[in-house]
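Features of the protein shown, as given by TrEMBL:
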DOMAIN    185-329  domain 'GAIN-B'
DOMAIN    333-589  domain 'G-protein coupled receptors family 2 profile 2'
TRANSMEM  339-362  transmembrane segment
TRANSMEM  374-394  transmembrane segment
TRANSMEM  414-438  transmembrane segment
TRANSMEM  445-468  transmembrane segment
TRANSMEM  491-514  transmembrane segment
TRANSMEM  540-559  transmembrane segment
TRANSMEM  565-588  transmembrane segment
Amino acid sequence: NGAICIQPCSPSFHGETSFVCEDRKWQMLLDTCASLDVQSLFQVRKQEHIPFQGKGKPWHGKPVDGAKPFGAGNQSCQADFSCIVPDILSSPAIPGNIADIVELLKKISLLLSDNVTRGKMKSYSRIANHILNSSIISNWAFVKDRNAGSMLLDSVNAFAGKLLLRNGSESIQEPFIATKGYSIHRNTSGKSFDFSMEFNSTDNITGHMVIPEEELLRLPRASKAISVAFPTLGAILETNQPDPAFVNGMVLSVSLPEELQNILLTFEKLNKLGQVGAQCVGWHLAERRWDPRACEVRAHNITTVVCVCAHRHRTYRSFSILMSPAAPRSSALDYITQVGLGLSIFSLVLCLLIEGVVWRHVTKTEITYMRHFCLVNIAASLLIADVLFILAAIVHNATLNYQLCVAATFFLHFFYLALFFWMFALGLLILYGLLLIFLKITRSVFLAAAFSLGYGCPLVISILTVAITEPKNGYLRSGACWLNWYETKALLAFVVPALSIIVVNLIVVVVVMVKTGRSSVGEGSKSQDLRSMIRVSKNVALLTPLLGLTWGFGLATIINSRSLAFHITFALLNAFQGFFILLFGTLLDRKTREALRMNCLSSRQKWGLEK
């Protein structure tokens, strides 16, 4: 009856995959059906359209004459994927179809956003318009994923932001989504975007966006500004927090150069009855809520509201995102992350410099050589990981390049895993020094084992993670260059090894506490007991940052990812880990201090002789 399935199986069907189509309603029973592959939509497939004989029984013979798979006979399909639009528009906008179309738009924005031409944007807008029609908005209430509206907004913004402008401007208008773009530079007079759009069969609403001239003077070079208007999206976006307010106008989305700070938005009210209060807000994608801090009311009357909105381009992400499925946005969390990472990077560079200066003096025995070798690799891995953490945030915010984001995530995953496995090697070395004092390990054997453990295991885990999840487009999470959680649980490839190593290293610390506290047992002297407690406490303080025990608090952010207190605590403990390694691993080590003093004395003597 003309029904279509917009989430196709892989080119060759496996297992029992049945399709039931009746009265323009369809249902897919996906037992072993492959996940949606956008690229496959444009491949000629022999079994794409399966005609039916009887009620719900697929016909397994040859396709009927005239049936064409997606993309067949249309060489321009890959250029603007217009060939799939008619089939999608002919499908009813029921909740299951809405969810699949949102997922399709998300995958297109990830995979096919290079060189977004007018044709591409037109096809993309037509697909989005189909599920934004005011006549089917009530169907969104039955979409299973409550985050679908926010995902749609994010996908459209990402795709529209790559729109190529012909002759300095572009405009694509559909009844329920409109996109406009202009080239801008410092000599441009104030640029405005005007939208007049249909809201229902009888009413139109308008929106107006202006970039003030004084803002354009901030631009160092020619750039572009893109704005997208959604007259019905406000009724779709669901917040995580109960809010009695409702969206009383269209949703205006903007993509601007990061130098611009403030823009003016004018909204026509949908409900013009009475002089009700108005509030200007911005959509907080990470927390799925309207944020009143993003905008403020400039003017307000019975029909329109003028808002001044701050366009902020965040460079840093919350540090706690590393072990948490989601991280709440907070200025305090961002500040802690920035200060902590900056101090950590400086401390680690200083730590490596000190180790280089004293290396000859502190590695005279096999056990001290092994200890300092582990310490240097811990510091080096954490230093590279912290730098990559900042670069990954910059890549995500500045370039929005999917391949670069994948590469940044891979190396970030690898070096943070290397940090943990080198801390694991140090823990095993401590156990070796305490429990296996008569077992001798040669330096060559130690180096081979340490490199295999410290870098070999992380490399295997990182490669397997990207190889398994990336073909399904489930490697990256939405909103950051880091491992996915909700779709593929790729984050477990970091969390499980890290927490396992933390548990082992915690056992190491307990063994150290027992060994160092045993000498005072039975002596009965309070002073001896006090000295023993101080010695045990000192050992615990020294080993906690070196063995990564503070990362164990990441378990709390996994269990309750919305708790700001947990995220701040985690960031405080771990963003400053480089400083703690410098303090407890280098500066408070007696032999290192003696070696530094000897080196300073030697340098003074040499300077005196030269003088």
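Glycine too: its Cβ is placed from the backbone N, Cα and C atoms.
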Quiz item: Among the recorded stretches 339-362, 445-468, 491-514, 540-559, 565-588, which has the greatest number of Cβ pairs closer than 8 Å to the transmembrane segment (374-394)?
Solution: 339-362
Self-check item: Tertiary contacts of the transmembrane segment (540-559) (same chain, 6+ residues out, Cβ under 8 Å)
Solution: 320, 322-325, 327, 375, 378, 419-420, 423, 426-427, 430, 495, 498-499, 501-502, 505-506, 508-509, 512-513, 566-567, 569-570, 573-574, 577, 580-581, 584-585, 588
Quiz prompt | For the transmembrane segment (565-588): best-contacting stretch of 339-362, 414-438, 491-514, by Cβ pairs under 8 Å | solution = 339-362
